[in-house]
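Peer 1: Here you go, one structure.
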Amino acid sequence: MRLSTNPTLDRFDAVPAASYRPGHGAVRAWLYLLAVLVVAMVAVGGATRLTGSGLSITEWRPVTGVVPPLDAADWAVEFDKYRDTPQYRILNQGIGLDGFKTLYWWEWGHRLLGRIVGLVFFLPFAWFWARGMLGRRLLTGLLGLGLLGGLQGAIGWIMVASGLQPGMTAVAPLKLALHLTTASLILAGLVWLAAGTRPRALAPAPESVRVVACLLPALVLVQIWLGGLVAGSKAGLLYNTWPDMDGVLVPPARVLFDKVPFIENFIDNLALVQFNHRLFAYLVVAVAIAHAIQAARTASGSAAAGRAMGVAALATAQMGLGIATLLLHVPLWAGLAHQVFAMAVLIMATVHARLARGVPAAAAPTGAEVPIGLEALAGRGA
């Protein structure tokens, strides 16, 4: 049986997917569980950053570091290490042991969650692989994500180490942006693979819809990168007005480009860092809304049109949340919500992009399994 090219005529449960294998339901559930854990990592990492806790653990011990201080002597040792950091000497000299413990638990919890994510990835992965439940493409994608996850741990320590250098009271913004963007790439990869393991075939969306749908996750990732630079440099505290920036829509060039060499302005000039994040947000929302209108006209009534509308709605809501965060001078709850909601936008955009490509049909029907997760939004057709 072949799917028609009209996305409004094909039911998502009409034909089995060619790439589907027995047990893929468990694989799909595992991938979505990992995605949830990565979002939790981003949330805890955001809270760690916003509470200034990220430099409270001064060593990278991937194995033995899982055990926290267990008695007063252990806590004294860890506190002495922290008191030797520039952050303590410059910013936190008045902090006591109880205050240090609060900082420590945030960072320790973030690292512990990273270890848990690693175990939840590698143990089931080995089991699924041994049982032959992973096709070649899925296996390749998972191996790539596993390597990226290991690299992410190293990036995290490199980021922390940058904040322990003389004169530093926080991590380097560029390294923080890299850490956040890598986590986002891992999340997008997990969701992409999960959506691709749906049990039923799906006709691709019209080409014009498909092209823009695949562009949207890339735009969201760039915006997350720019947001990481804002977060790392605290550029969100420089201009707390909107739509203007302290009375002007665009700061003068002498303000935006006052550093030499020129390229450093895009990383270290707080005015330009915030301006770029604002400007790119407008671009993402404009593209998402235009895409939703395009999909509604080109594939009216299809699931692709519904998903496009969902991406546009989430992107617009995220921009509104970002504006509120800015106007409120970045309180912890708003900054954290803005960071986590960015992951929701990325997830929706990634699912939309993957399903817009379609899922090829098998030669003949072979059993049935109910789709779970966001790919169930495929509904009818593409």
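Glycine too: its Cβ is placed from the backbone N, Cα and C atoms.
According to Swiss-Prot, the transmembrane segment annotation covers 25-45, 112-132, 141-161, 176-196, 211-231, 270-290, 303-323, 327-347, on the basis of sequence analysis. Taken from Swiss-Prot, the feature heme binding site applies to His277, His338.
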Peer 1: So which residues does the transmembrane segment (112-132) touch in its own chain, when a touch means Cβ under 8 Å and the partner is 6 or more beyond its ends?
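Peer 2: Residues 23, 26-27, 30, 33-34, 37-38, 40-41, 44, 62, 66, 139, 142, 145-146, 149, 152-153, 156 contact the transmembrane segment (112-132) from elsewhere in the chain.
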Peer 1: Residues of the same chain, at least six outside the transmembrane segment (211-231), with any C-beta under 8 angstroms of its C-beta?
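Peer 2: Tertiary neighbours of the transmembrane segment (211-231) are 46, 49, 173-174, 176-181, 184-185, 188, 205, 267, 273-274, 276-277, 280-281, 283-284, 287-288, 290-291, 294-295, 304, 307-308, 311, 315, 335, 338-339, 342, 345-346, 349-350, 352-353, 356-357.
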Peer 1: Could you list the residues of the same chain, at least six apart in sequence, whose Cβ is under 8 A from the Cβ of His277 (heme binding site)?
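Peer 2: Non-local contacts for His277 (heme binding site): Gln223, Leu226, Gly227, Leu229, Val230, Ala235.
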Peer 1: What's the number of neighbouring CB atoms sitting within 10 A of the CB on His338 (heme binding site)?
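Peer 2: His338 (heme binding site): 23 neighbouring Cβ atoms within 10 Å.
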